[in-house]
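> Take a look at the following structure, please.
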């Protein structure tokens with residue numbers, strides 16, 4: 001039946017989704033009471049900075065010491081000014097975050113269009129348009145994500161917006177010096193909250209696969225330069241407190257807020273062996289995944305070898321990473337960091353929510369469709385399989401993040417969803433994705 005229905009056009013689909021999202025955000029903001037969690041603490045931390053304090057050990061709020069880089073202070077300093085000059089007009093700040101949410105939806109829609117629709121023809125184009133529609137619909141259904149933006153005002157939302165913008169730039173060839181521009185935006189994301197560092201291994205591989213060694217060094221220099229420039233007021237006065245608190249990698253989170261490991265006793269949750277075990281699993285999984293991507297790339301081209309021979313020359317056009325590969329590389333690497341985190345708080349959901357439709361469709365949906373096509377079982381339209389697998393995984397994750405306080409059951413369901421996706425990502429290794437854009441002079445290069 002679906003095969004006889006023309007796939008929806010991306011632009012009208014996006015327009016309708018944005019209209020509904022805007023309407024829903026208005027209803028949430030006007031009908032659902034605001035709940036104070038971190039806003040007052042943010043304003044207290046910013047107040048210390050505004051009044052001249054540059055020692056990070058002395059910047060704190062109701063929830064504890066300031067643990068975010070300098071970009072956070074600059075963003076929320078503006079928020080404080082806009083929200084009445086002292087941050088008390090929370091409603092004005094909420095409207096800003098509605099704007100952040102809608103803007104992020106536009107950016108994510110652009111990412112999915114490039115990854116699923118652009119450059120495709122025939123049946124692939126039709127399926128891509130259906131996948132795009134399903135992805136946008138799934139991304140509108142999260143009760144928790146709406147509340148994180150409109151009712152909670154977390155800095156996680158700002159860093160996610162900037163990170164998604166960086167990804168969109170990475171996959172937009174029309175942007176001049178796109179790797180350099182994306183590097184700047186990526187580093188800005190890290191400056192608001194350092195969770196975006198989870199993308200770093202994939203970003204480095206992307207640099208090497210899409211540009212020369214010299215250009216890669218320039219991109220890395222931009223990342224470092226942004227951090228030095230934004231952190232200068234603190235690095236030039238109290239460097240050790242800034243580095244210790246803004247990039248506090250050994251911070252221990254409270255057990256009561258964990259969403260993912262509530263089935264463990266608190267003593268085990270806080271133990272050093274568990275921390276080391278998860279870290280080792282994370283590192284091992286990243287090494288394995290990156291190796292899989294390198295093997296996949298080697299079967300289609302040899303950009304890394306070419307770079308070593310001609311370090312000042314970029315890879316040939318046939319070795320330009322295509323958008324779906326870039327998104328999958330970045331999002332799957334980032335997801336492994338999420339899956340092996342010792343704790344996930346409710347606001348951390350925003351970190352990877354936008355990536356779930358693509359990850360589930362590529363890592364689980366694609367192999368499932370391939371299996372059905374080879375089996376004797378009745379095969380539904382591929383888009384039914386893509387939608388069902390994504391809905392199942394995302395439904396499990398959404399359920400877990402909406403149980404408060406988290407329970408053993410909700411944490412178990414979340415780990416089941418994460419575990420299944422981790423296995424699919426590691427086993428699949430991006431199989432079925434064209435790593436490099438094969439378009440030349442407006443035509444697709446034919447492959448045997």
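Note that Cβ sites are derived from N, Cα and C of the backbone, with glycine treated the same way.
Sharing the features that TrEMBL gives for it:
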TRANSMEM  12-34  transmembrane segment
TRANSMEM  55-75  transmembrane segment
TRANSMEM  95-112  transmembrane segment
TRANSMEM  153-172  transmembrane segment
TRANSMEM  184-208  transmembrane segment
TRANSMEM  215-235  transmembrane segment
TRANSMEM  274-297  transmembrane segment
TRANSMEM  350-371  transmembrane segment
TRANSMEM  413-436  transmembrane segment
> Would the transmembrane segment (95-112) and the transmembrane segment (55-75) count as touching if the test is at least 3 Cβ pairs under 8 Å, pairs 6 or more apart?
no
> Is the transmembrane segment (12-34) close to the transmembrane segment (274-297), in the sense of at least 3 CB pairs under 8 angstroms with a sequence gap of 6 or more?
no
> The transmembrane segment (55-75) vs the transmembrane segment (215-235): three or more C-beta pairs under 8 Å (separation of 6 or more)?
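Answer yes: the transmembrane segment (55-75) meets the transmembrane segment (215-235) with 3 or more Cβ pairs below 8 Å.
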> Sequence-remote contacts (6 or more beyond its ends) of the transmembrane segment (215-235), Cβ cut-off under 8 Å?
54, 56, 69-71, 74, 179-180, 183-184, 186-188, 190-191, 204, 207-208, 241-243, 246, 314
> Cβ under 8 Å to the transmembrane segment (350-371), counting only same-chain residues 6 or more beyond its ends: which ones?
104, 108, 111-112, 115-116, 131, 134-135, 138-139, 142, 145, 148-149, 154, 156-157, 160, 164, 195, 324, 327-328, 331-332, 334-335, 338, 382, 385-386, 389-390, 393-394, 397, 420-421, 424-425, 428, 430-433
